[in-house]
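Notes follow once the structure below has been shown.
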Amino acid sequence: MTEASEDLAAGESKTAKSRRIIRRATRYVRLLVYAEPTTVDLILLTLGILAAIASGVPFPLMGIIFGQLVDNLNSASCNTDSQRGSAYQSEVNDKALKVVYVGIAYFVLVYIYIASWNLFGERLAQRLRERYFKSLLRQDASFFDNMPAGEAASRLTSDITTIQQGTSEKVGIVLNSVSFFITAYIIAFVKDAKLGGELVSLTPAYLLMSLVGGYYTQKYASAMLKNVAGASSVAMEALSNATIVHAFSANAQLESKFAGLLGNAKVAGIRKAISVAVQSGLLYFIAFSANGLAFWQGSKTIADAVASGNPGSSVGTTYTVIFLLVDGEIFNIKVSSIRQVAPFVQVFDAAGVTFESLEADINREPKIDGTVEGTENSLRNVSGNIELNNVSFAFPSRPDKPVLDNVSMSCAAGQHTAIVGLSGSGKSTVAGLIARLYDPTNGEVSFAGQNIKDLNVRSLRSNLSLVQQEPSLLDRSILENIALGLINSPSHSHLSPALLGGKLSDIATAVRNGRDLMEEAEIHGQETAEIIDMVRNAADLADASAFIGRLKDGYGTLVGSAGSLISGGQKQRISIARSLVKKPKLLILDEATAALDSTSQQRVQSAIEKVMSGRTLISIAHRLSTIKNADNIIVMNQGKVVEQGTHSELISSDGAYAGLVRLQNLNIRPEEENVSSESLATKDSYDNIIEKAAEASLDERRSLETSARKGEDNSDGINAKRSLSSTLKAVGPMLRPHMLFLFLALTSAFVVGGTYSASAVVFGNTIGGLSPCKTADSIRSAGKFYGLMFFILAIIEFFANLGSWSAFGWVAEKITYKVRVLSFRALMEQDLQWHQSDGRSPTVLLSIITQDGNALSGLTGSVVGTIIAILVNLVVAIALSHVIAWKIALVCLAVVPLMLGAGVMRVITMTQFQERHARAFEKSLGITVEAVNSIKTISALSLEHEILRTYRRSLKGPTMEIAQQSAYANLWLAISYGVSNFLYALAYWWGAKRIIAGDYSQTQFFIVLMALLVSAQLWGQMFTLAPDVSRAFTALARILNLLDLGSTKNLSGPCQHLKPGNDLEANAEPREKRPDQSQGGISVSLNNVKFSYPARQDVLVLDGLDIHIKPGQFAALVGPSGAGKSTIVSLIERLYTPTSGSVHIDGQDISAREGVSFRDNIAFVPQDSVLFEGTIRFNVALGARPGHKPTDAEIEEACRLANIHDTIVNLPEGYNTNCGPSGNQLSGGQKQRLAIARALVRKPQLLLLDESTSALDAESEQLLQAGLEKATKGMTVIAIAHRLYTIQKADVIFLIEDGRCTDKGTHAELVERSESYKINALHQAFE
């Protein structure tokens, strides 16, 4: 590189660095005007700034008036002429009235700036949330692959809240303080430039301390937040997958990880508290030291004036300067600046940092943007071939692990192409590349000869439909979910107004209220009727219309979040209907019928092949019987194409495909392949069984939704009302282990409260000592003595604040840590039914751990320390005032009820506002979280604009309601701020009257005045802190209710219950190890079991079920989707309890026994393979028996048996490879095999397999079966399966239909005598 180029590069580097510095310096200003503010926003911003600045002027004006009053009082004290008394009183009355006028102006200005900033902050938060949400909808899939679990939800909640807090009324408070600061210095220099100049040294001292203290505070706060975010992610995954956590009793392992992260946060939080404590102590030390300096220097000026007889420098003038630059800062800025402005700087910085992080995501230009509309670069030929030319691909999160390696393939237009192969061979990746969810690393994907990178993404996706391996539905009605497939259809653009205007939602609501679907359609117009007709036709094609017709609400039925209220098979049918409704030119099916039983699958497959005749169809499948009629079958292995051809050609070549077919062939004798007419009749009845089962399955899930609508039972709900006394009583055991630090904190807080009144005594005597009635030497002597007293108070204040803030911070972090750990434990101890009812979503439950845990600082942290100091000062000030001058004190205290009343109303209205605010935006938040969780589905269907419109509609009502509530709540805040000014006017008027009358001296008056002035200011501050206390009490009540549930509804076995009086410190410690159990199979019996979900007692999911499995048997459960098979597994795990009958394991009724320690002998592999964020080693180890930490050898053995060990060791980091949030860094087959390894590492006596190999190819499945046979010798195994070849060797197969066991026997026996079983088997056979 040449010298010139090096200089150029260095210059560019400096320029980039300068730009970053400028952007960082201006980020807060950019935040205020970000996201296209409207005229209303700009008006609110302008009003807020001007009113806040103007509100800083009245108090300095009062300083001038107070100085004049001091001169008046001095004159009255020195002059005993009674005739002059009335003249002095008249002057005092005039000035007191001016204080009233100034107070009224202050109240009006405060209300304007608080209301303006609050409303501005609320509107900015909504704009940012929408802008960030809109940017998320633009991002490509790779962006979300690298996003930790729950981060998007956290950004949309806590991060936006952080920004809102940093752009609301706190900005006005700081502007008010800065305005006061500037105005005070201007007046001070005008009044006495010399003394003002001497006190300028305060400013750099404050700035230096704030900068250094702020650096360390921010450093520790960032470390704390990082660890809290990590712990929240662990909790979110655990709450979202409560079934797995319960089944493996994995509470302790996840709790250990959760507590470890919180432990790090606790250490950082304590260091942050110490940093803030030092900062607070130094601020008061500087202020009181400056007070002493000012009075000492001021006394010299006054003494010189008295000695020279020069009236130019009066006590009032000196008092004005000292009051504005020192005392005013103590009583005004330092009360609202030390305790508020300094922390506010951190709040603003946090808002700026958070905004910068959000802005980076918002401004991120996605490589694939599916939101751009227009006809430019549209797909010209929609009937051309799809080709992959030398395509290589690796996921951005793992660039060193290629998924596709130089792949070339062609999918002919108008034909059916099938892609098969081993798990992890890249089949689903091909589908993602064709739909342009990702772009290839090398090579190109072309559609009709056009590179799809050159095409408009929406245009490309408008001509295809993708049904993914794990279908995702939105929390809407069946009607709306299917109609979503029409959103970006080029042939149905005329239907857009009806699709996007909310009409379908209104129709679905009407149907749920008993109205007829077609009548409602006609009412809403021809376009709507056309949409509904197309939806019904698509449902027919997807074999979904029958089960939809059986539902009470039909097409108006809500499917729940992510389709949680319907079965997997029903979700797949609705997803297929959604993809077929627009009759796409290209249909991509990625294991689209894997969750269906064979009969349903056969019908759906036939319907798809019929409707896609002459169109392009790409199928990805592991069930090879579903693709044997394909025009071309492409076989993949390890990211490469190994062979292709028709089914017969590939069988003839006897290659990899033929081997897979042989592995899946069922053992059916040739003579049994001829199906009689009676068999076909039986097939019809079998179809009826399927539909009944589907209806029952949906009923059981909808029962959970019904339960949610009923609301929580106060006797068993975390939101139950709790009395204040019982809440306070429960705080005692929490604080008991920390009594030493609590004693230090309380003692220090008492000292802080006492020093305020002590400073009033010193101040009053100082004013009296500097009276011009005294000699110059006496004034100088008083200045030195009382200056020293202020310095002593400064030292006391430093150590008292240091002790109070650090000790209360230490206690707060300890309590927060324990409460969060115990809350997590209590949540995970509740049974599955509790988690799935009463609207207890993982997000809602997580808020107890995060928001409620954090809110407790209002009862244990610096907030409560400040309030205690204020209350102590209140008592001392009132007592001192009555002792010194009770006549003055009584009148001044007359306004206290008004102040307290305003403060109480402020707390009440603010609490109500916060509760309504949280409820108002629940729906909109739910939309954003759901969209992020279903982002691939939204991208594939081009739903970004529709989702954004739905989000905006959800905000209209809440935004107006919140604005009205905010205006009312802020009125009381302004009153609580402004009422203290009227105390000043009353105090000076009445005090002057008493001094002129000779009842009290000037010293007595100023002691009472300063004591009550400080109290008045502190009371105002206490009311600003009161919402924190209110939030803390609400949060504590919820937490205590939750901990109470831990002792009443616990199903998690031998952990110590949280009984009253138990040591919470001990409760938060890790649990004791459980003893290992003996090996060998165990018996399982279900005796006349009936089961209904409590909210739907009239719907029997299981109806008199009898099953008996001997120790060591391999038992299988088969039957149509929704027949109750998975419910049986849930009952065996005691995730639910039977309505009647009993479940016996090893001869013991598990419903009658206490605890669930029997689960130690059971391992469970769910249908949906769930992994947690963490390493492969961590995830497999979660399956170990509680209290046992598996060795590396045990983990590797389990992985070998699950046929995943070789895959793991080929990864760059081996067993230390991070699985990613919800295991998103692994393929479906890899996740499933790890889930099996997790079960096998337990070495259970009973192994439960629920469709545990549905995501595996035939070869992987065969190897896994061999491993399972080896691992489960002597073990009892219960397997649920749709693929009958996986359970051919079962000792006994139970045929479950309509909640009953209709037959049992071996595979050969059931093929011989059960027509429904034989038909199912024939559908899966090749020959």
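Here the Cβ of each residue, glycine as well, is placed from N, Cα and C on the backbone.
Not measured: the values here are computed from a predicted model.
Taken from Swiss-Prot, the feature transmembrane segment covers 47-67 (among others). Note on the transmembrane segment (47-67): residues 95, 98-99, 102-103, 105-106, 109-110, 112-113, 116-117, 120, 171-173, 175-184, 187, 191, 316-317, 319-320, 323-324, 328, 332, 981, 984, 988 of its chain, located 6 or more positions outside it, place their CB under 8 angstroms from a CB of the stretch.
Swiss-Prot lists 100-120 (among others) with the feature transmembrane segment.
The transmembrane segment annotation in Swiss-Prot covers 170-190 (among others).
For 195-215 (among others), the entry in Swiss-Prot reads transmembrane segment, with the evidence type sequence analysis. Long-range Cβ contacts of the transmembrane segment (195-215) within its own chain (Cβ-Cβ under 8 Å, at least 6 residues beyond either end) map to 185, 188-189, 275-276, 278-279, 282-283, 286-287, 290, 293-294, 297-298, 301, 318, 321-322, 325-326, 329, 342, 345-346, 349.
If one looks beyond the transmembrane segment (228-248) by at least 6 residues along the same chain, the residues whose Cβ comes under 8 Å of a Cβ in the stretch are 148-151, 153-154, 254, 257-258, 261-262, 265, 820, 824, 827-828, 831-832, 835, 842-843, 845-846, 849-850, 1051-1052, 1133, 1135, 1156, 1159, 1162-1164, 1166, 1170, 1172-1173, 1182-1183, 1221-1222, 1238, 1242. Annotated transmembrane segment per Swiss-Prot: 228-248 (among others), in sequence order, evidence recorded as sequence analysis.
Using a Cβ-Cβ cut-off under 8 Å and counting only residues 6 or more beyond its ends in the same chain, the transmembrane segment (276-296) has close neighbours at 195, 198-199, 201-202, 205-206, 209-210, 213-214, 217, 321-322, 325-327, 329-330, 334, 338-339, 342-343, 759, 766, 770, 783-784, 786-791, 793-795, 797-806, 809, 862. If you look up Swiss-Prot, you'll see 276-296 (among others) marked as transmembrane segment.
Among the features that Swiss-Prot reports, domain 'ABC transporter 1' is placed at 386-663, with the record citing sequence analysis.
Nonlocal intrachain contacts for the transmembrane segment (743-763), taken as residues 6+ away from its ends with a CB within less than 8 angstroms of a stretch CB, comprise 288, 291, 327, 330, 786, 789-790, 793, 796-797, 799-804, 807-808, 811, 865-866, 868-873, 876-877, 880, 1006-1011, 1014-1015, 1018. Taken from Swiss-Prot, the feature transmembrane segment applies to 743-763 (among others), supported by sequence analysis.
If you look up Swiss-Prot, you'll see 743-1031 marked as domain 'ABC transmembrane type-1 2', on the strength of sequence analysis.
Per Swiss-Prot, the feature transmembrane segment maps to 785-805 (among others).
Annotated transmembrane segment per Swiss-Prot: 859-881 (among others), in sequence order, evidence recorded as sequence analysis.
The transmembrane segment annotation in Swiss-Prot covers 888-910 (among others), and the record cites sequence analysis as its basis.
Taken from Swiss-Prot, the feature transmembrane segment covers 971-991 (among others).
For 1005-1025 (among others), the entry in Swiss-Prot reads transmembrane segment, with the evidence type sequence analysis.
Taking the domain 'ABC transporter 2' (1084-1323) as a whole, pLDDT averages 82 in the prediction. Under the heading domain 'ABC transporter 2', Swiss-Prot lists 1084-1323, citing sequence analysis as support.
Same-chain residues lying 6 or more positions outside the transmembrane segment (971-991) and placing a CB less than 8 Å from one of its CB atoms are 58, 62, 66, 69, 73, 92-93, 95-97, 99-100, 102-104, 106-107, 110-111, 114-115, 169, 888, 891-892, 894-895, 898-899, 902-903, 905-906, 909-910, 1000, 1005, 1008-1009, 1012-1013, 1016-1017, 1019-1020, 1023-1024.
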